[in-house]
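Asker: Following this message is one structure expressed as structure tokens.
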Amino acid sequence: MDSKSRGHTGGVSMKHLTLLLLTFQNSALILIMHYSRVMPPVGGHRYFTSTAVLLNEVIKLGISLTMALGETSKTMSASTPATTLFAELFGQIFTGDSWKLAVPAMLYTLQNSLQYIAVGNLDAATFQVTYQLKILATAFFSVILLKRDISLRKWLSLVLLMVGVVVVQIPGTETIPTMKELREGHTGWHLPRSMEELRDSGSVAAGQLLSKRSATYEGIEEDFKMHNPQLNASVGLAAAIFACVLSGLAGVYFEKVLKESGTHVSVWVRNVQLSFYSLFPALFIGVMFKDGADISKYGFLVGYNWVVWTAVAFQAVGGVIVSLVVNYADNIAKNFATSISIIISLLVSVIFFDFKITLTYVVGTAIVLGATYLYTIPDNLRPSKISSAQYEKSTLRADGSYFDVEKTNMARLETPRVQGLTSSRPTTPTFERRHGQTKSAELRFTKRDE
């Protein structure tokens, strides 16, 4: 078993635990983010996404700083003063090349802002599938910035990925109920049977959608849009694609900085650097420049409730979970967790958000999942050949054997039958068998001579 997956927590391997966390986080984050943008506004106002992005970076900075501080303390004695510990951590964070992470930090911040726009205009299931285009963006920038070679199979999988996303975006055909179905009630439409019922239904709907205002119709349109946000698929798709491009560019640029860096810095310190430099665009561009006037008028936390706070927290811990998955699992397992999260998002969207499953969505999702798996599988699945010829001699040794013991550098096995060590050739005897045969032959010849 790989050393990465040897850790256990409560009887569960760290590999499976981190994959379960990633699956749950991917599904829950998108679903909660989507609901936070379409739910009834809290106190008559929706929360500002710029404040959510800033709080996300603050929480992520706190988590990463705590982990980096604990990691640094392990390298020092218990009697080390706190000032020395913080000074050491400060020196690791603000190294000579740390300023280079300001570029991917700004890209990640803009990506998070676009995610809120995308999930606010697309259903969660469609966004999950569309967001897999980040694989294409990552491959594209890897070729340009890292000069990485991509096999023909991977290029084919990227083409299939684009085809699958396009198929998902094709609107499904919705049949119009016939008069017979309307009369017999074989439809989801509800038709009032009298003018009184129609009047009552209209009064209830108006009371739910509109706020109390003056006797005029001023502000009715704003009330309706506030309580019933209309999803704009074009805006959501554009935001999702742009977010995928920024995600791929930021990830590849971050990898390039790590490869060109001459100093060894831990993952947690790098996360601290990213979160620290992300605070500046999130604060100055998002909070102050974009929504500064409205925030000063209505407040920083206007529109917040437990749903919004949950979305912010889930987005903050997402980076931590990904770091754990990279440490304990491989890319195929990570891709499998992402695929499961897409299916979970689909089922939850059908149950709670009245998402209609169409044939085009099923076909497109299947193509995307297949293309993602095809891209992430290793190029060479066959293990390298193991030859035992280098350990054998072409002529017999003085003791009658032809096995070169000196080249093996192996201690004698205590339980050879249990451990079952054999060479790669079925007909080649093992060292233990040859050793046993030699000893038994010596005993027979000794007894015969006696």
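All positions are counted from 1 along the displayed chain.
Just so you know, glycine gets a Cβ as well, placed from its N, Cα and C.
When I checked TrEMBL for this same protein, it listed these features:
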type     : residues : note
COMPBIAS : 420-430  : compositional bias 'Polar residues'
COMPBIAS : 431-450  : compositional bias 'Basic and acidic residues'
REGION   : 417-450  : region 'Disordered'
TRANSMEM : 12-35    : transmembrane segment
TRANSMEM : 155-172  : transmembrane segment
TRANSMEM : 233-255  : transmembrane segment
TRANSMEM : 267-286  : transmembrane segment
TRANSMEM : 306-329  : transmembrane segment
TRANSMEM : 336-353  : transmembrane segment
TRANSMEM : 359-377  : transmembrane segment
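Tell me what's around each of these sites.
Answerer: Non-local neighbours of the transmembrane segment (233-255) in the same chain are 101, 103-104, 107-108, 110-111, 114-115, 117-122, 127, 130-131, 133-142, 145-146, 169, 274; each lies 6+ residues outside the stretch with a CB under 8 Å from one of its CB atoms.
The list of residues near the transmembrane segment (336-353) in space but at least 6 beyond its ends in sequence, with Cβ under 8 angstroms from a Cβ of it, reads 19-20, 22-24, 26-27, 30-31, 34-35, 123-125, 128-129, 132, 325, 365, 369, 372-373.
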Asker: Three or more CB pairs closer than 8 Å, sequence separation of 6 or more: does that hold for the transmembrane segment (12-35) against the transmembrane segment (306-329)?
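Answerer: Yes, since the transmembrane segment (12-35) and the transmembrane segment (306-329) share at least 3 Cβ pairs closer than 8 Å, they count as touching.
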Asker: Quick check for me: are there 3+ Cβ pairs below 8 Å between the transmembrane segment (267-286) and the transmembrane segment (155-172), leaving out pairs under 6 residues apart?
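Answerer: Since fewer than 3 Cβ pairs under 8 Å link them, the transmembrane segment (267-286) and the transmembrane segment (155-172) do not come into contact.
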Asker: What else in the chain is close to the transmembrane segment (359-377), if you only count residues 6 or more beyond its ends and a Cβ gap under 8 Å?
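Answerer: Counting only partners 6 or more residues beyond its ends, the transmembrane segment (359-377) has Cβ contacts under 8 Å with 125-126, 129, 132, 135, 139, 153-154, 156-158, 160-161, 163-172, 331-332, 335, 338-339, 342, 346.
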Asker: Which residues of the same chain, at least 6 past either end of the transmembrane segment (155-172), have a Cβ under 8 Å from a Cβ in it?
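Answerer: For the transmembrane segment (155-172), the nonlocal Cβ contacts are 126, 129-130, 132-133, 135-136, 139, 233, 237, 356, 358-361, 363-368, 370-372, 374-375.
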